[in-house]
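Scroll down for the structure; my scribbles are underneath it.
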Number of protein chains: 4
Amino acid sequence: MPGSTFGERFKMTTFGESHGEAIGVIIEGVTPGLELNEDDIQVQMDRRKPGQSSVTTPRKEYDKVRILSGVFEGRTTGTPLSVMLNNTDMRPSAYDDIKQMYRPGHADFSYDQKYGIRDYRGSGRASGRETAARVAAGAVARKLLERRGVSVMAYTTEVAGIRCEAFHPDAIERNPVRACDPEAAAKMIERIEQLAAEGDSCGGIVECRISGAAAGLGEPVFDKLDAELAKAMLSIGAIKGIEFGTGFRAASMLGSEHNDQMDENGFITNHAGGVIGGISTGADIIFRVVVKPTSSISKPQRTVDTEGNEREITTIGRHDPCICPRVVPVIEAMACMVIEDHYKRQAALLY
Amino acid sequence: MPGSTFGERFKMTTFGESHGEAIGVIIEGVTPGLELNEDDIQVQMDRRKPGQSSVTTPRKEYDKVRILSGVFEGRTTGTPLSVMLNNTDMRPSAYDDIKQMYRPGHADFSYDQKYGIRDYRGSGRASGRETAARVAAGAVARKLLERRGVSVMAYTTEVAGIRCEAFHPDAIERNPVRACDPEAAAKMIERIEQLAAEGDSCGGIVECRISGAAAGLGEPVFDKLDAELAKAMLSIGAIKGIEFGTGFRAASMLGSEHNDQMDENGFITNHAGGVIGGISTGADIIFRVVVKPTSSISKPQRTVDTEGNEREITTIGRHDPCICPRVVPVIEAMACMVIEDHYKRQAALLY
Amino acid sequence: MPGSTFGERFKMTTFGESHGEAIGVIIEGVTPGLELNEDDIQVQMDRRKPGQSSVTTPRKEYDKVRILSGVFEGRTTGTPLSVMLNNTDMRPSAYDDIKQMYRPGHADFSYDQKYGIRDYRGSGRASGRETAARVAAGAVARKLLERRGVSVMAYTTEVAGIRCEAFHPDAIERNPVRACDPEAAAKMIERIEQLAAEGDSCGGIVECRISGAAAGLGEPVFDKLDAELAKAMLSIGAIKGIEFGTGFRAASMLGSEHNDQMDENGFITNHAGGVIGGISTGADIIFRVVVKPTSSISKPQRTVDTEGNEREITTIGRHDPCICPRVVPVIEAMACMVIEDHYKRQAALLY
Amino acid sequence: MPGSTFGERFKMTTFGESHGEAIGVIIEGVTPGLELNEDDIQVQMDRRKPGQSSVTTPRKEYDKVRILSGVFEGRTTGTPLSVMLNNTDMRPSAYDDIKQMYRPGHADFSYDQKYGIRDYRGSGRASGRETAARVAAGAVARKLLERRGVSVMAYTTEVAGIRCEAFHPDAIERNPVRACDPEAAAKMIERIEQLAAEGDSCGGIVECRISGAAAGLGEPVFDKLDAELAKAMLSIGAIKGIEFGTGFRAASMLGSEHNDQMDENGFITNHAGGVIGGISTGADIIFRVVVKPTSSISKPQRTVDTEGNEREITTIGRHDPCICPRVVPVIEAMACMVIEDHYKRQAALLY
């Protein structure tokens, strides 16, 4: 498939450029009979929307959700559920000078190489705006997972080298970086504001924890649960790596340390991050992703134009100085999609 | 699909348990007319086979490749190419006592949860032996990539906390850990032998470098090239994380540092690891994966049996004390599959 | 996939109920750089729209096409092309009394069995209106096929037992039943009008001819070109059968009669209908489908309600007394999708 | 996918040329815990094997089934079940003179056009022998369907213009043409023997009836149950058409005749053939396929060689003069695959 579809039995297909008329998503395989309205989706969209604080872009994307099909009298019908978001606050003129220049860190050059044509307005299809459609689909998956007793929670653990030292789940949605440690959050905010003032940006790390997922999810050998979560996460533009459980620290561990031994209460440790042999163990599924610094910065940078001539570029616009806070709901949405899909695949296997 | 198929236009489907009669792979979408014989595949199988040195298991898997279809008079026909490997040197009796106990770090428990039935002989389908089929398929992809001028090379960069400090490509296949630094390799070997003697195991890091791949490969938004490489790598049982380019270090970098600027010779740096916006840039594609310590160790460990009673287990058997050296050809095989598949998808798009 | 997606490399995903807010389609895999505007699609939509003549429903569906993404400055970008059609002239109150009764010939009962919930307004997702989205996607495929020199043409050959005895391609779009024989067309129209007055409906046969398609399209063994065309056609609600070339007449032919022999000009006959062994031969691809009589008739019929009680039902509404004329562009659209998709698959194979 | 895979949740991938070393199939998605041994498969293979009577080829294909994986201690494990059949009684020398000539009715020409290379021994991948692998997979699906109370039965209803006038299910497996009317069967056999003596062949019609399938199977809109059955059947090389229920006769029926009305006992008629709107109704699913006359005949025919020169060809070999009797178990196998797959998809939807 040509890349805009994700999932097998719970499946989404997205469309839309950042500065086109609209973006949207078709969700197939939704269990019929689920109570669902636009507010259920809107609440997740609002978590992702820009302009929430000093650490996110002041750009306005009022993502008012419209359900176009698949819901009848307040319940899902089992047929494709489509959600549309109109694009507003578009300022295509702001992109005039990038029409013929490749912005460093952006997909401008690689898209031109791939397609030979490029919608240069706001990164077109490569824009972070595309993730809004994912959040809409994830909101539906989340509702189905709630009925199964599964919860999915992501949070920032590191920004610009500043790490969370404590884990306070209640604090996450109460600070604008969505960090799990309010003290670290304060430092992160200060640092982000400083970098924004300098026209620069920074990266970070987000952790995701899936609780309550049944043991037995995931399909050996290629569609392992962690493999599909990895694909889901790396499909988010700004994410450049993922690790499960102890992750890269496992490189310096011994087998006798890393193996999760069991007693009559289950696993004593969870170094594997809840997935062994590609299949969930029933323990919390835990992974971390690295978020690269926002590509759009206003410091001057070297680049070339579409004819190969050297140029200097300064990206003027309204950009997030750090992607972490707004990528948190996207990560959760993708995780919800993967888990719900695997519940359905497991049902097909056993039935 | 139920998990034993990988790829879209260049596609493999594998079968086989480690202690069943045989394992194998069906490869679909092979370009017709390619010169191919069993030796082309055998040479890669031999790189993966056990018993090559003191740092790998002394177990014998003489993986004599048999091509059953898809080749006629020395050339591929375009129809499914099937490769079979008979299982030999099986000692199922060695697995009698794990029949009713869950080995820590192994998929025994999660498979039982998934299927309610488990082929306990040598991990069955979850065995590392399954990767032999992947190497066979990868050998075919590699031959097609050679015609395109693409090379794929993986190598160990870290074992048990010992890191390579130099990069000597010629040294890689000349030391048994397949490290890119012969001095570090010597230390790694010593450490692995020591751990093996203690009945323990260790993890490490393997880096992979793909050179010569065209710009424009990868499909936005979900089937990004890095997302599919991530899935491919995490589908290898022992791999618990992946990072592209600067990877997790990007968490403490600034946008002005991380962005790959361009001059008239192309990209000045390659922090992105050759993929931006999910599409190859033409620069080398570089990623690293973390390999967990081998689960099978002979030190006693705590576990439970299939009825939930606490037990102590000592895995006796012939196991690799470090998976890195033998996973290198598997990583290369999966990378070859992904790249060749995306060349074909790109052809379909543009045609 | 859950059924609303068709195609592999040229792929569409549709959404929408007949009486919801809108219907639409996302088309993936469109070759970038194709000149395309809304009129290119509108012209095909207009061929399908109701209210064109006395033999079609007087219902108004003014299917004004809106392209929401995938086209930039008049050319396709290679990213998902989405087309939306708002639903208008909806009279849901007309469906109040079928809320709890199963209309004979309709999918009411089977949908209730499948989903346990049903959007009873105008057949919901099972409505013929869903095919409008297919026509939009087919219009894009048709433009790509034109560049390849492929033409796709369908036409009515039989209605209510009245058969075309001549083949005049120019006459097809000039008579409201889209029959290839104007004399037969006149009789068909008379018969349809008579049946409509009686509150009844009739079936027919439509033939489709694909000219100029390259030899070598189709994928053995399961994705044969004729197998995929058959699936495409049977996926149209009213179609209950398909035959290629001589079709069911082959049952009483001998091998010496049916085999298409060759001379230096190519195939002497085309009994196979242009596909042998599932692969196109370069001859015209010819198939016929049977179109069942419209299910919605105003004659009273026996049925049951959702609680199993016997009832009598009279479907009042504005329905086509014969589906043939309006299904012609749908058949062409699906055929265009299949052929374009197979061109792209063939490119992937050979590349 | 490149064409050798069929199904989504119950899925098979086949390989093998008729005169290669072996053919086989990998079956994914098999419910774990099913009792299964090689005899369960062998019994279906034996129904398909040649040399059973005077109306089939005397060629010997002793298809001794070997299960290579996926079964452990007599039960399926849920992992890929692979079945291999060695090719025997190969006489490639018999194919020497067709190396450079295109046999009328065969895929020789179209394969050359597609691949540019062709395994000319016995049609290679296009051989009817390929269907043996399907029968093996179908045998597994059949066992799962039996547990659901579903039965699948196909039988010849017409051969060389001779039609069955009665339906005696018990007679089917007792006459070598597998006709449902023993009197017609006797005439068919006589006619087939006569044609075989003349070096000619004949076509026929096979009907298939699926009983006991639940209502609600099938996925709107593209993956309708009848659409997928149509694809499955047309993927069998010799089949050139399919019709459901009243089929092509619906072209001359009225809506008031064709609609299946209901009373408190369910559907009063079954003109739809058990599928309405693409979803099963719970009534018997009934379809008929047309089987073309065997292409291999020994009468001289006109053709060209690979360089385009006109030639005369006489196919010497051991061929079935009528394909109907041996295609019956293939049709059943494909039908079993489709139904079982849709049960699993429905489980995924509702779960």
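Any Cβ shown, glycine's included, is placed from N, Cα and C.
From a predicted model like this one, the values you see are computed outputs, not experimental measurements.
Copied from TrEMBL, the annotated features are:
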type	residues	note
BINDING	B:Arg48	NADP(+) binding site
BINDING	B:Arg125, B:Ala126, B:Ser127, B:Gly277, B:Lys292, B:Pro293, B:Thr294, B:Ser295, B:Ser296, B:Arg318	FMN binding site
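Locations of recorded TrEMBL features on the structure.
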residue: B:Arg48; record: NADP(+) binding site; CB count, 10 Å: 26
residue: B:Arg125; record: FMN binding site; CB count, 10 Å: 29
residue: B:Ser127; record: FMN binding site; CB count, 10 Å: 22
residue: B:Lys292; record: FMN binding site; CB count, 10 Å: 29
residue: B:Thr294; record: FMN binding site; CB count, 10 Å: 27
residue: B:Ser296; record: FMN binding site; CB count, 10 Å: 25
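Proximity to chain A, defined as a CB-CB distance below 8 A, holds for B:Arg125 out of the binding-site residues B:Arg48, B:Arg125, B:Ser127. Proximity to chain D, defined as a CB-CB distance below 8 A, holds for B:Arg125 out of the binding-site residues B:Arg125, B:Ser127, B:Lys292.
The DSSP secondary structure for B:Ser127 (FMN binding site) is coil. DSSP assigns B:Ser296 (FMN binding site) to coil in the three-state reduction, placing it in neither a helix nor a strand. Between the CA atoms of B:Arg125 (FMN binding site) and the residue listed as 'NADP(+) binding site' there is a gap of 18 Å, rounded to the nearest whole number.
B:Arg48 (NADP(+) binding site) and B:Lys292 (FMN binding site) are 18 Å apart (CA-CA, integer value). Across the structure, B:Ser127 (FMN binding site) and the residue listed as 'NADP(+) binding site' are spaced 14 Å apart at their Cα atoms.
Here the Cα atom of B:Ser296 (FMN binding site) is found 18 Å from that of B:Arg48 (NADP(+) binding site).
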